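These come from Swiss-Prot:
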- 1-21: signal peptide (SIGNAL)
- 25-72: domain 'WAP' (DOMAIN)
- 32-60: disulfide bond (DISULFID)
- 39-64: disulfide bond (DISULFID)
- 47-59: disulfide bond (DISULFID)
- 53-68: disulfide bond (DISULFID)
């Protein structure tokens, strides 16, 4: 039962960091930077939400555990111009 509980908890924590709410128009979205580290085990969390971090940082799963990190700009809504064929 213990491993299943940890799996459910981690799934909820990861999914909550992926959900972005609608902000003020013109406000830049704050998203977690890409993390390319493969982990053998997870570190103890240093944060549980953005409220646990400083003004400029957000709580992200980063290098094997939840940590306060500087966000990156979200370019997902910027339209890429199509080439003229």
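In case you wondered, yes, glycine gets a Cβ from its N, Cα and C as well.
On the structure: features taken from Swiss-Prot.
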residue: 32; record: disulfide bond; CB count, 10 Å: 18
residue: 39; record: disulfide bond; CB count, 10 Å: 11
residue: 47; record: disulfide bond; CB count, 10 Å: 18
residue: 53; record: disulfide bond; CB count, 10 Å: 19
residue: 59; record: disulfide bond; CB count, 10 Å: 22
residue: 60; record: disulfide bond; CB count, 10 Å: 24
residue: 64; record: disulfide bond; CB count, 10 Å: 14
residue: 68; record: disulfide bond; CB count, 10 Å: 16
Return one of helix, strand or coil for residue 53 (disulfide bond), based on DSSP.
coil
About how far apart, in whole Å, are the alpha carbons (Cα) of residue 60 (disulfide bond) and residue 53 (disulfide bond)?
10
Just to verify a number: CA distance, residue 53 (disulfide bond) to residue 47 (disulfide bond), in angstrom, no decimals.
7
To the nearest Å, how far is the Cα of residue 68 (disulfide bond) from the Cα of residue 39 (disulfide bond)?
18
Just to verify a number: CA distance, residue 59 (disulfide bond) to residue 32 (disulfide bond), in angstrom, no decimals.
8
Between residue 47 (disulfide bond) and residue 32 (disulfide bond), what C-alpha distance do you get in Å?
14
Residue 32 (disulfide bond) versus residue 39 (disulfide bond) - Cα distance in angstrom:
17
Could you state the whole-number distance in Å separating the C-alpha atoms of residue 64 (disulfide bond) and residue 32 (disulfide bond)?
14
PLDDT averaged over every residue in the domain 'WAP' (25-72):
91
